[in-house]
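Single-structure report; data block below.
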Amino acid sequence: MGCTLSAEDKAAVERSKMIDRNLREDGEKAAKEVKLLLLGAGESGKSTIVKQMKIIHEDGYSEDECKQYKVVVYSNTIQSIIAIIRAMGRLKIDFGESARADDARQLFVLAGSAEEGVMTSELAGVIKRLWRDGGVQACFSRSREYQLNDSASYYLNDLDRISQTNYIPTQQDVLRTRVKTTGIVETHFTFKELYFKMFDVGGQRSERKKWIHCFEGVTAIIFCVALSDYDLVLAEDEEMNRMHESMKLFDSICNNKWFTDTSIILFLNKKDLFEEKIKRSPLTICYPEYTGSNTYEEAAAYIQCQFEDLNRRKDTKEVYTHFTCATDTKNVQFVFDAVTDVIIKNNLKECGLY
């Protein structure tokens, strides 16, 4: 009697092969799909990282898209000079030249009636004169004592260019814009044959309750910390040091049961601002127990240790730390390349393919 398979048995074998093939294909597909969650306190640079992904992995911002950011550039510039002028009153700093008091009054009038996306030569002239004033500069140097955008000096130092009638924001201008992220912003791009879905989540406390919806199936978390926040307080709670808030948040994310198998990538961001600030503002403002020198290398290494020491599962979980400057495209490109290699390795392990 021959050992032939019945039609039914053949169909069963084919079905089994198809299931195996589908499982393998699903595994490979899962290994190629990366869900990245960008977390961190407010103003830590998350949205700037997302903008860099568009510049690096897509085709950047078109001229039309850049034009749309003109409104934000002008708004950020005007709000920055207004924040400094208001702080002068609180900090009891006088203008270097008495005539600037008239300019300050004029600023509020012109800013209140300014057409969106337009900077008149009159308004630009008022802002330039104010920004050059010794009292305004003295107040700017004390910006840790009030809330001020990181991009303030970038725009205010370049008023001649950005106030031109034919001005179109550059990619760098776009990177420097600040708009508070509310809700969840999703970005898709392909890199090293991986399909990335990146989720930027609002960092202010009021936004955090929305994060939970993103947690399922996350491949990796990029947690952003602004190194330069060590001597600042929160916009939403002026009693809370920003770095302490970041540490508290990192602790809750790094040791969360949801993320037992999730790669944690720590971006210690704004290293350029930190390098400047540490020369004049001691790290002991944030860490009174710190006894090291106020050099970039030593102070940055100390902050890195403070965060990495929060990981309570060091034996099974690694935190991958990178020092970043989110406005520097080359730096972000280099770091993201290294991050992707870690993700590929860990992703393949998860799918049993490594």
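Each residue, glycine too, has its Cβ placed from N, Cα and C.
Of the candidate ranges 35-48, 273-286, 301-314, Swiss-Prot annotates residues 35-48 with the feature region 'G1 motif'. Looking at 6-11, 12-17, 186-191, 324-329, the range annotated in Swiss-Prot as region 'G5 motif' turns out to be 324-329. It is 173-181, from the ranges 92-100, 173-181, 254-262, 344-352, that Swiss-Prot records as region 'G2 motif'.
Of the given residue ranges 116-125, 196-205, 206-215, Swiss-Prot assigns the label region 'G3 motif' to 196-205. Considering only the binding-site residues Ser47, Thr181, the Cβ with the fewest other Cβ atoms within 10 Å is that of Thr181.
The DSSP breakdown of the region 'G5 motif' (324-329), given as helix, strand and coil counts, is 1 helix, 0 strand, 5 coil. Look at Ser47 (Mg(2+) binding site): DSSP puts it in a helix. Taken through DSSP, the region 'G2 motif' (173-181) splits into 4 helix, 0 strand, 5 coil. Sorting each residue of the region 'G4 motif' (265-272) by its DSSP state yields 2 helix, 5 strand, 1 coil.
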